[in-house]
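Novice: Can you keep this structure in mind? I'll have questions shortly.
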Amino acid sequence: MMSGQELAEVVQIAVEDLHSDHHPVELENHEVTEEDLSPTLKRQRIEINCQDPSIKSFLFSINQTICLRLDSIESKLQVLEATCKSLEEKLDLIMNKQPNPIQVPMVAGSPLGATQTWNKVRCVVPQTTVILNNERQSTSVTKLEAHEESINRTTETLENMLNSAVPGRRHNTIVVKVPAPEDSHNDDDNDSGSEASDTLSNCGNSSSNMGNNVTLITLNSEEDYPNGTWLGDEHNAEMRVRCPITAADMLHISTNCRTAEKMALTLLDYLFHREIQAVSNLSGQGKHGKKQLDPLMIYGIRCHLFNKFRITESDWYRIKQSIDSKCRTAWRRKQRGQSLTVKSFSRRTPSSSSYTTTEGVQNTVSSSSDLQQTSPQALHYALANAQQVQIHQIGEDGQVQVGHLHIAQVPQGEQVQITQDSEGNLQIHQVHVGQDGQVLQGAQLIAVASADPTTGVVDGSPLQANDIQVQYVQLAPVAESSATAQAVEPLQTALQPEMHIEHGAIQIQ
């Protein structure tokens, strides 16, 4: 028989078996305490006890590389942030910058004041923009709508200015943008610098607020010089200029000029007489009050050199310096009273007209058919009222006396022309010109002068040693006392030893 203790153990075991598959019953208000929760299993701690130094150094190098890479990324981000700020400042500057006003277009007229016409040079190309000098290119930014609107406003301003300046103009104008004039170099005469050589002078009606870095050039067409040739690429309407140089002369230039600089200086002599070079330069600036060489012809020379020799902007800069130097040389020869005649032109093919310049204006002087029949015309000069020609008179003792041949008063509808034939002889004519610029009557020969007394012939009589020698045209105003109202009377004789006229219309001082 079991004892009481054994019976209690059997009952306890039976009770545990009955409740082994059932969860303990929890009352509704029962609170779970920490004691009721079963303890969580702890993760076994694994200790890594590695004493290998190579692994430690490898891990250290990886850590160091990652840190350096992060520092590099941080520095690049700082540089990028600074660049963004700089671009924002430049963009704000561009958006707030007011566009420079455009200069008025140039008009044609006589450089010596004889004929003041207002006919613009004809052009056959559409409106486009031509960059003469490559400007420094800044960092390109995205085009914004506001910037495009400012460009449109500038274009509208240009159109309005052109319409107001030249009524009835053709819509075929080349907009030439050139850099603003900078400080010129210190040279012998301090007349011009190549930095400002491409800057085109104001022509026509200009206002005080106009900028100096933009002007207009109207290209001409083939019908302006039917017997002439093209400077530049004749197949590119934007890179060509029609000039009065004949095909034979152009072939001669292309054959003999092996370098770009020599061709530029040769074309300069064909397009501008030495007398014009002496009183002009590329910029039209300087202490001597020089005029500007015709920008249209200078642009034609540039196009010709770029087409023939594929020159660069640095080459063109050097060539411009040579052109300015050539003009200064002619000016010094003029001051010393030396001859300005180009010897190589004595036997070249004469042309019917030539380019001269005053403030970048084209001049083409018409000549009569009678004048063309008497002698071939190579160069034309026209004198108006209050103009004079400086001459050298060679006396019997061989001494040279400097004087001035004054045109005291030219009657209305008349003008005086100085022409030079292919032999280098200078002839002074009086012509009658109508209001439309056409020659009404044949030109009357007033005087003939030559650098070589043996070559000049007047009505079969050679020039004598005491005859005058016309050196160059001087664009200096005549005193009002000498500008009388008397008309220039034609001379019956072609040349007089003393060039004395009774009425004082033409006199030597």
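Cβ coordinates come from backbone N, Cα and C, glycine included.
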Novice: Check each of the ranges 37-67, 68-98, 223-253 against Swiss-Prot and return the one annotated as coiled coil.
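Specialist: Going through 37-67, 68-98, 223-253 one by one, Swiss-Prot gives coiled coil for 68-98.
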Novice: Write out how many residues of the domain 'BEN' (238-334) are helix, how many strand and how many coil, based on DSSP.
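Specialist: Residue counts for the domain 'BEN' (238-334) by secondary structure: 64 helix, 8 strand, 25 coil.
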Novice: On the 0 to 100 pLDDT scale, where does the coiled coil (68-98) sit on average?
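Specialist: Result for the coiled coil (68-98): average pLDDT 90.
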